[in-house]
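Asks: The active site, nucleophile annotation in TrEMBL covers CYS78. Taken from TrEMBL, the feature [4Fe-4S] cluster binding site covers CYS313, CYS459, CYS509, CYS512. Sequence annotations record features per position, and here TrEMBL assigns Mg(2+) binding site to SER360, ASP422, ASP423. Look at TrEMBL and you will find 78-297 tagged as domain 'Glutamine amidotransferase type-2'.
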Amino acid sequence: MATTHHVSSLTLSSRKPVLSSQPSYGRRSLYVCKPISSKILHLRHNNFFNKTSESIVFATYSDEKVSDNDVKELREECGVVAVYGDPDASRLCCDALRAIQHRGQEGAGIVTAYDNVLFPLTGVGLVGEVFDESKLGQLPGEIGIGHVRYSTTGASMLQNVQPFVSETRLGHLAVAHNGNLTNYEKLKKMLQEKGCIFNTCSDTEAVLRLIDISKKTTFVLQIIDACEQLVGSYSMVFLTKDKLVAVRDPRGFRPLVMGRRSNGSVVFASETCALDIIQATYKREVKPGEVIVVDKYGTQTFHLSPQLERSCCSFEPIYFSWHNSEVFGLSVHDFRYNAGIRLATESPVDCDVVIPVPHSGVIAAEGYAFKAGIPYAMGLHRRPDSGRTFIQPTQESRDIGVKRKLTPDPSVLEGKRVVVVDDSIVRGTTAPQIVRMIREAGAKEVHMRIACPPIIGPCMYGVNIKKSELLANGKTVEEMRQVTGCDSLAFLSLESLKNCLGDDSSGFCKGCFTNEYPIPSSED
């Protein structure tokens, strides 16, 4: 069980620690939770210590060093939630984060606002490990934002768990971000030349540093000013002492939806399944390039410049999003079922039973079995406490994860010609072990059918995939079949993927399948 850590509230008092006179944006403005053994919290880079409850209490910085290599390798696929106007904001954020736990399993955090104070709490581990009733009781207020994190090797540190809280000249600000900034290195260099100090290896910190140096006169205008300098993917939620701000990048790479509860409270989340769990009614998507501000006066909408062509991530409905969610206007269930039908049409095979790789392969397998007229069964059972192996941070943890999470059922498999349907093959971590399991359970033949095209390129916009790790990188389908050990292997065609995405398939990024990306390198 992961240990959770509480950080004292960040008051908006006028008392400030004495710092060096040298300009250094970020020197005192990023607060991150860290395990502490006493009530004394210190701020790195100065000699200010606070032992009383009457003064400002700052969270400690981590003393861990972050190398440039750590930064360059950072890619995230995460989830965000936000609630405005509900006295149970922290509990609603927690429940909503549980609903999108599949988007990140390495860390979770919530920040709430109450009586001009921001209350942050973050920890490493699953949502249920980080938050319990006693911890939620330390997060008062009617406004809150939350985050679940998935990262690369070396970045699974508590100091990188969001939301981040920053002190700016206008007050305190918290942010939670899903995505990846492709111009991060350029921004970081520019900001460091202006005196900014970076305390994490997260590209999200660049957003806070841009807000630090913005000369705009309100938080909303500062956020817009910062976002208009970003390139890449971002669905973000910001929290001030009295406002909630939701922002989606102009290409709409990552999903972000808006809903309302019956008491009028406003909710934002990465997926609609998070709205469902807290009984919020789905209202609409946050549009690409849209900035929505929620405060006591209601909601206001702004738009980022320039407007760009829509490029939603096609891997969201394929894998990342939960089966009962709606993303980018698509029903994830219908998308996967149709992919299974098309896969059976394109790549039939004589067999006795169709089985899925649970959970994300289930609906595509149902579609395949229906179209093929072949019995469907659960030949692999998933243990309820297992995570998603693709988003485990290391190869070793992914290998162990496969063995722990799946159990073959000989009563379904023995003596059968089996078609195994999965949503995707990324690194090829699970496929060889799954084929081996099924053969050991007595299957006569094992045929794999994959409900998306071969993944041949990395994701630049928020998924931890290096090209060198991809099974399909430089390999033919036959060579991949040999690696997996199955009797036959087939993938959904790119044309069928476009059909499943609907009439607006041109508005989806398919770079990982085509090596053609919507953002030219000159924009980075």
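From the backbone N, Cα and C atoms, a Cβ is placed for every residue, glycine too.
Remember, TrEMBL labels are computer predictions, not curated facts.
For each listed feature, how buried is it and what is near it?
Replies: For the recorded site, CYS78 (active site, nucleophile), the DSSP three-state label reads coil.
Annotation for CYS512 ([4Fe-4S] cluster binding site): same-chain Cβ neighbours under 8 Å, separated by at least 6 residues, are PHE315, ILE455, ILE456, GLY457, PRO458, CYS459, VAL463, ILE465.
Under the three-state DSSP scheme, ASP423 (Mg(2+) binding site) falls in the coil class. Non-local neighbourhood of ASP423 (Mg(2+) binding site): ILE318, TYR319, ARG336, VAL357, SER360, GLY361, ALA364, ILE450, ALA451, CYS452, each in the same chain, at least six residues away, with C-beta under 8 Å from its C-beta.
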Asks: Per-residue pLDDT averaged over the domain 'Glutamine amidotransferase type-2' (78-297) comes to what?
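Replies: For the domain 'Glutamine amidotransferase type-2' (78-297), the model's average pLDDT rounds to 95.
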Asks: Do you know offhand how many angstrom separate ASP422 (Mg(2+) binding site) and CYS78 (active site, nucleophile) by C-alpha?
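Replies: Here the two Cα atoms are 22 Å apart.
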Asks: Using the Cβ center of SER360, ASP422, ASP423 as the Mg(2+) site position, which other residues in that chain lie within 8 Å, going by their Cβ?
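Replies: Once SER360, ASP422, ASP423 are set aside, the remaining close residues are ILE318, TYR319, PRO356, VAL357, GLY361, ALA364, VAL421, SER424, ILE450, ALA451.
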Asks: 10 Å Cβ neighbour count around ASP422 (Mg(2+) binding site)?
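Replies: That number is 22.
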Asks: Name the secondary structure element type, per DSSP in three states, that contains CYS509 ([4Fe-4S] cluster binding site).
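Replies: DSSP assigns CYS509 ([4Fe-4S] cluster binding site) to strand.
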Asks: Count the other Cβ atoms sitting within 10 Å of the Cβ of CYS313 ([4Fe-4S] cluster binding site), across every protein chain shown.
Replies: 29
Asks: With every protein chain in view, what's the tally of Cβ atoms within 10 Å of the Cβ of SER360 (Mg(2+) binding site), excluding that atom itself?
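Replies: Within a 10 Å radius of the Cβ of SER360 (Mg(2+) binding site) lie 23 other Cβ atoms.
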Asks: Based on Cβ atoms within 10 Å, give me the single least packed residue among the recorded positions CYS78, CYS459.
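Replies: Among the recorded positions CYS78, CYS459, the lowest count of other Cβ atoms within 10 Å belongs to CYS459.
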